[in-house]
């Protein structure tokens, strides 16, 4: 009898632990947009035109229907994205998209031919991205996927190999997203060395701003 009681107690402890994890919500590590690009299977710009709640699992899955404007990455995995899947619960990192409102940059992973995304992926309204981020998504980030962006949380920080760029946005007290996230890409230079690349000056802004990548 005591064995059964212990077993029930253990079940109770595990179930309460699980519930606590769910109610705590989704937590993600900060990621530079270049890492988000390089670690994704799919990167597209799309308008979200519909949604449907699929009753699978305890919380369900939300299936968003998208109108793809442009694919930046993932041609070899999916020819054209029509649906994006995410958890229906925000506490399980599900993403909420507005319908028929904005163009979004959407990044995700592919499983069994389906595109999945979550709060820990990079999903942002296109107009909120900086010009450098748009250029990065278009071609620059791809040039740095062999580089390593090394987060620096406390000083002193050091690079330990030639392919590292030191990411210091977390040291700034002005909030995230920081300067390097919005304006820089970590690009491989000669002989495998990586360094931050800005690639435009402020006086270029007026002329470049007219062209949407």
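Keep in mind that glycine also has a Cβ here, set from the backbone N, Cα and C atoms.
The Zn(2+) binding site annotation in TrEMBL covers 26. TrEMBL lists 26-93, 28-120, 38-145, 147-194, 152-157, 165-186 with the feature disulfide bond. Under the heading domain 'NTR', TrEMBL lists 26-145. Taken from TrEMBL, the feature signal peptide covers 1-25.
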Recorded positions near residue 145 (disulfide bond), in sequence order, restricted to 26, 28, 165, 186 and a 10 Å Cα cut-off:
186
Among 28, 93, 152, 157, 194, which are recorded as disulfide-bonded residues, the nearest neighbour of residue 165 (disulfide bond) by Cα:
194
Using a 10 Å cut-off between Cα atoms, which of these recorded positions sit near residue 120 (disulfide bond): 26, 93, 157, 186?
26, 93
Using DSSP, tally how many residues of the domain 'NTR' (26-145) sit in helix, strand and coil.
25 helix, 46 strand, 49 coil
Densest Cβ neighbourhood among 26, 28, 38, 194 (recorded positions), 10 Å radius:
194
If you measure from the Cα of residue 93 (disulfide bond), which of the recorded positions 26, 147, 152, 194 is the nearest?
26
From recorded positions 26, 28, 38, 157, 186, the one whose Cα lies nearest residue 147 (disulfide bond):
186
Cα within 10 Å of residue 194 (disulfide bond) is the criterion; apply it to the disulfide-bonded residues 28, 152, 186 and give the hits in sequence order.
186
Give me the CA-CA distance between residue 186 (disulfide bond) and the residue listed as 'Zn(2+) binding site', in Å, as a whole number.
28
Starting from each candidate's C-beta and looking 10 angstroms out, tell me which of the disulfide-bonded residues 93, 120, 165 has the most other C-beta atoms.
165
Measure the Cβ-based neighbour count of residue 147 (disulfide bond), defined as the other Cβ atoms within 10 Å of its Cβ.
25
C-alpha spacing of residue 28 (disulfide bond) relative to residue 152 (disulfide bond), in angstrom:
17
